[in-house]
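Q: Below is the structure I would like to discuss, written out as structure tokens.
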Amino acid sequence: MLLWDSIGAVYFSGRSFSTWLQNLLASSFGISIMDIAAIIASTVFSIAFHEFGHAVAAASEGIQIEYVAVFVAALFPGALIALNCDQLQNLPLFSMLRIYCAGIWHNVMLCGVCVIMALLLPVVLYPLFVTGGLMITGVPEASPLSGYLSAHNFILSVDGLNITRADEWMKMLTQDNVVQISSRDLLEGSEGYRATGSRKGYCVPNSWMDASKNLWQINDKLSCPDDLVAFQRMSEKGIGKKEVEDKYCLIAKDVVKLKKCGNGWRGAEDGRSNFACLEDEYCLVPVLGPGISWIEISYARPYSLECLQKERNSSLLHDGNNNPGLGPCQGTFVYAGDLLSAAHSIKLSSYRPRWPLLLFIADVPRILQDGLSCLFRVSAALAVVNCLPVYFLDGEAILETMLSYFSWFTRRQQRNILKVCRFLWTILSIVLFSRTLYSMTLYYGFV
């Protein structure tokens, strides 16, 4: 079932197989119980609709249906409709081809229905939900963002750039090319560790720098305490090349409130230059190490009890263009870690209930969207797989019937062509499927 879903993504997402598989397995939060239930339901429905197409086409041609079978092959479910072979062979070639292709055609039509329903979803949900804003519908305890965000919070911006859709959130976090901030473990690493800096800086007053004890000394391995983060100066030519000089341990939550500098920020609202700090300020950037990134995330919690008691709650929900301040209903935090795992670790929806009393059904729009998306991909994958001239699939019968149209091939030549194509495509499919399952096994640590 997961295999059919992955095949659908290969053929319809416009990306390579390895890229999509890497994104699918990038986070342990990517597949939940709800996702598995959606895949199972989509698979059962797609198979049933596929076989229903064969049955309808055969009945329209007067072909008798002898029996219907359901089976499981190598852990993958399947079904078939057995037709009367004598009646089927007496049909014209076009009628035979129509019966063989009916299942694929029904899967394609099912994909079309999913697209139409997805487009009409805002109209269907309009009485109870409104669009606008990016609402969090679920944050697992294992999520790296669970300490900052919770269900029914809103994500307002990332690095100062406002976002209102889930695809914008994914795009910003998966394609962010900012360099990584070093963690305490990285800083205490080998003697050969060479820290680098981010292009995202903050204008830090000289008084802060003077008050900060310089814990970096040449040939020493000292690191900042747990509640502090290492920063270093950014020169006008970029990050300073000195590896251990001019590094300071500062409180990150205070630093992020300062004016930004550097050319690594996405949201440069006021159009300031990269080094616009005052004379008594220096542009400091976090010290970086491989594997960890630095981003600022602004959020709102309008449905908290504190915010619901305030009259400005309504304006907060509908104000999607202003960068939030640090009021009681809004906040900003810095996330230092793997961006890809963070992006996949929370559930997001572009819909929010019209009234707080409907928060208990806040997941409904996301479930419907994910269900339609899953049904589309599984149905499309089933159509693609059955187009292949593989043993026991529709593609084998379709190719055999199409070869009969070419009269210049003898029956023996047609059989030989069918055998060669069937053998090659079967081997190719087995290799592709095995590679997919092996990659998944490696990721989850079963071998």
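Indices start at 1 and increase along the chain as displayed.
Just so you know, glycine gets a Cβ as well, placed from its N, Cα and C.
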Q: I'm validating the feature mapping. Which of 351-374, 423-446 is tagged transmembrane segment in TrEMBL?
A: 423-446
Q: Tell me the residue counts in helix, strand and coil for the domain 'Peptidase M50' (40-167), as DSSP assigns them.
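A: So the counts come to 61 helix, 34 strand, 33 coil.
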Q: Quickly jot the same-chain residues contacting the transmembrane segment (104-129) by Cβ under 8 Å, restricted to those at least six beyond its ends, or write none.
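A: Same-chain residues near the transmembrane segment (104-129) but 6 or more away: 46, 49-50, 52-53, 351-354, 358, 361, 364-365, 368-369, 372-373, 375-376, 379-380, 382-383, 386-387, 394.
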